[in-house]
């Protein structure tokens, strides 16, 4: 894995830190998460088996860390293209959240996350990069929580946190 510098806080100062170091030390760092929807479904990805943490687990459509100096919307669009071959969707910023979770092998995600959604029209289908994504699946939003409860071992810690604690921010209830 090439050295990748991401924005992380060290002694209260935001500075470039190598990504693996941020995870090993559990440093608070910036991240983005994207949820691509189509009607009442959301696109999930199964992380590639070669990932250094949480391999093979199901996550939201796309999540990553911005490069040092990269803004969140640019990062979100870049990663949607790189991981899933999805380009040109209008990203909607839904808000910011923070979480901390053990992700295995002594790694900790302590992320300040900018959350985005995007609606994918019919005909837009993911073309996953196999180095990043093992599989994809469109899942009904209203069934996702019960699927996570029934099979928690299949899902990343952050997706469980997002759906349990931040579902209404990510998927606001429809009002008449």
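Including glycine, each Cβ sits where the backbone N, Cα and C put it.
The following features are taken from Swiss-Prot:
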type	residues	note
BINDING	23, 29, 65, 109, 111	Mn(2+) binding site
DOMAIN	27-161	domain 'Nudix hydrolase'
BINDING	63, 83	Mg(2+) binding site
ACT_SITE	63	active site
ACT_SITE	111	active site
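Compute the center of the Cβ atoms of 23, 29, 65, 109, 111, which mark the site for Mn(2+); besides them, the chain residues with Cβ within 8 Å of that center are 6, 8, 19, 22, 27, 30, 31, 110.
In the three-state DSSP assignment, the secondary structure recorded for residue 29 (Mn(2+) binding site) is strand.
Along the domain 'Nudix hydrolase' (27-161), the predicted structure has mean pLDDT 96. When Cβ atoms from all protein chains are considered, those within 10 Å of residue 63 (Mg(2+) binding site) total 24, not counting its own. Taking only the Cα positions, the spacing between residue 111 (Mn(2+) binding site) and residue 63 (Mg(2+) binding site) is 11 angstrom.
When Cβ atoms from all protein chains are considered, those within 10 Å of residue 23 (Mn(2+) binding site) total 23, not counting its own.
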